[in-house]
Amino acid sequence: AVSCGQVDTALTPCLTYLTKGGTPSTQCCSGVRSLKSMTGTKVPDRQAACNCLKQAAARYQGIKDAAAALSQKCGVQLSVPISRSTDCSKIS
């Protein structure tokens with residue numbers, strides 16, 4: 001299963017982008033790709049990652065727009081949204 005430690009480690013390089021905006025770093029996009037591979041095909045992994053992302057998003061105010069654009073800016077299609085308001089039980 002996916003742990004919150006793994007999710008946090010993958011997205012730590014994105015904190016500057018998420019809190020200040022601009023362009024995500026190469027390390028950040030690499031973390032996003034890593035997160036995509038972690039959440040690949042198994043629903044429990046996606047739901048676990050979703051819950052971790054919700055907790056992480058709740059720790060930082062004002063990251064909503066930056067977080068929503070992150071996968072697009074990195075050119076990675078995530079199966080899990082980075083949002084405080086996602087109902088993780090509905091992710092399939």
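FYI, residue positions are counted from 1 along the chain as it appears here.
Yeah, the Cβs are placed from backbone N, Cα and C, and that goes for glycine too.
In Swiss-Prot, CYS14 is paired through a disulphide bond with CYS28, chosen from CYS4, CYS28. In Swiss-Prot, the cysteine linked to CYS29 by a disulfide bond, out of CYS74, CYS88, is CYS74. Here the candidates are CYS50, CYS52, and Swiss-Prot names CYS52 as the disulfide partner of CYS4. When the alpha carbons of CYS52 (disulfide bond) and CYS28 (disulfide bond) are compared, the span between them is 17 angstrom.
Listed disulfide-bonded residues near CYS14 (disulfide bond): CYS29 (candidates CYS29, CYS74, CYS88; Cα-Cα distance within 10 Å). For CYS28 (disulfide bond) paired with CYS50 (disulfide bond), the C-alpha to C-alpha distance reads 18 Å.
Each residue contributes its Cα atom, and for CYS88 (disulfide bond) and CYS4 (disulfide bond) these two points are 14 Å apart. Taking Cβ-Cβ distances under 8 Å and a sequence gap of 6 or more within the same chain, the neighbours of CYS29 (disulfide bond) are LYS73, CYS74, GLY75, VAL76.
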